[in-house]
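Structure record follows, encoded as structure tokens.
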Amino acid sequence: MSNKPEGIERPVNFIRNIINDDLANHLHDRVCTRFPPEPNGYLHIGHAKSICLNFGLAEDYQGKCNLRFDDTNPAKEDVEYVESIKKDVRWLGFHWEGEPCYSSNYFEKFYQYAVELINKGLAYVCFLNAEETREYRGTLKEPGKNSPYRDTSPQENLALFEKMRAGGFKEGECVLRAKIDMASSFMCMRDPTLYRVRFEHHHQTGDEWCIYPMYDFAHCISDGIEGVTHSLCTLEFQDNRRIYDWLLDNLDDFSRPDRPHQYEFSRLNLEYTVMSKRKLHQLVSDKLVEGWDDPRMPTISGMRRRGYTPASVRDFAERIGISKVDSMTEMGILEAAVRDDLNKVAPRTMAVMDPIKVVIENYPEGEVEVIQAPIHPQNEAMGKREIFFSRELYIDRADFMEIAPNGKYQRLAINKEVRLRNAYIIKGERFETDVDGNFTTIYCSYDPETLGKNPADGRKVKGVIHFVEATKALPAEFRVYDRLFTVPNPGKAEDFESVLNPDSLIVKNGFVEPGMAEAPVEQAYQCEREGYFCRDNKINDRLVFNRTVALRDTWSQQK
RNA sequence: AGGACUGUGGCCAAGUGGUAAGGCAUCUGGUUUUGAUCCAGUGUACCGCAGGUUCGAAUCCUGCCAGUCCUGCCA
């Protein structure tokens, strides 16, 4: 019964089943979701999961998904975050109609709905202080007791609430509470606070208000006002669904069968990283990372800077699916998703990150040869690029050993032949070292008849290594990133900062092909045999490349 | 006896009474001027455990176990 466009087949999940049922039963004739971040931090990959779910549903059912800033707590929020959130959602490739929504847009309506509850005898102004409120609430196993202010008349409550709005009470002096059930097994139903007094400047409404609604009150009503059909949130809000339902059912505008309903799915946990906003804030403020967009951060902006593409993030979200199981997702799924995308779209290039000089002794001195190399070996249509070859080259230190350790070794060694990628076959002849025994120069010979073809005598050369011609090579910095933490679940560590990976960033200095001089920011490249890299989007006075992810390596696993 | 939710191969995840999809990872071959890609193949899953209903149960019932969440004037 879904009217999703042909060709797009997303994996099924329990939420889609619910929507399909609702549509089939004509409970709803349209789908409206929303992504409701609080603008108090940067978006991370966990939010991306939610964004893809909510906006993806809207796309598939030709419905609508609102971007809504849940800005009911001005003390913690800032426009810096609303801007970054808009940017990140757009970058992921999703769109919202018109201006984004803000809960703060509805402050006046919220106030009127609160008045409705007061008139119905379902809300009251309570003068218990925070500590007393806690005592009155009871515990998980014992019921609470009624506030002494619980039976104030609606007329009096109305006057009190007006006075709250008018600034007649100090912060903490009183709150507006729903009158529900102090014995409920759901703690959130023990007369939850609806409004508190805060003389705080709000990033959207300025100083217009000194009372601000609580999440439980604002969220369901915002959904109702916007005509949201399916309000999707994470598991920790399961209990809150009772207050969500109670409020909508007690408000005349919303107590209809087709009112919004809340459904909960499990949040994303990714191995070797943290997802809590508090911890991410801490990493930034303790300067353990460069900032919110540090490429090691699981933030959208960090992943973008690292070289992840919107397509890869969306594909990842699709691969992990949606369920209600508390789970821990392996990094491998994320990495496989980027590799799949980048393998298809990334131009190939060669970069040497830990250079050793190679001299081809039988190559004419002073000559520089131009070679046309494919930009993508599996996609001719991407064309060719010019690379260079001469008597002096750079290869990577990891690609040479004096003596091959075993028969499986496929790289350069003395008296061993190897193919230089896109160029000739060379053979190691001799080498020089420094006083510490490190190789400084390797002298080789080349077979002039092997450019673009195999040796005529039929000898097999299995190994292929990459290189950069020395005179035209451009110096470049490579930032090789690894997991931020050393343990799979750093969030559970007593002190998560103590389990940071000291090698999460290794900076290498080497060379790239001259064609990389104008590499656009964020453009993904595959440095052949090394991995996927992109030009850093912050540093522009020199060539800095961030490693997005290494190539799949089944070889080093065997060693 | 506080309540809510969850438990399907190493990791995600379909499945809603008819005899266990798929992805990632793993392993094995083949192709390959990236030890990549690509292609083909690869799993004895006590479906948390124990009972029960049924011709038949991962799916229904009962009991138990384990994990997560709930006592902010945070979201």
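These residue numbers are counts, starting from 1, taken along the chain as shown.
Cβ from N, Cα, C; glycine included.
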When TrEMBL is consulted, the range among A:69-73, A:274-278, A:454-458 described as motif ''KMSKS' region' turns out to be A:274-278
The domain 'Glutamyl/glutaminyl-tRNA synthetase class Ib anti-codon binding' (A:346-447): mean pLDDT? 97
Rounded Cα distance in angstrom between A:Ser276 (ATP binding site) and A:Asp70 (L-glutamine binding site) is 17
For the motif ''KMSKS' region' (A:274-278), what are the same-chain contacts with Cβ under 8 Å, counting residues 6+ beyond its ends? 40-41, 44-46, 267-268, 298, 484-485, 490-491, 496
Could you give the Cα-Cα distance between A:Ile45 (ATP binding site) and A:Asp70 (L-glutamine binding site), in whole Å? 19
Do you know which of the binding-site residues A:Glu38, A:Asp70 has the most other C-beta atoms within 10 angstroms of its C-beta? A:Asp70
The domain 'Glutamyl/glutaminyl-tRNA synthetase class Ib anti-codon binding' (A:346-447) - residue tally per DSSP class, helix then strand then coil: 6 helix, 54 strand, 42 coil
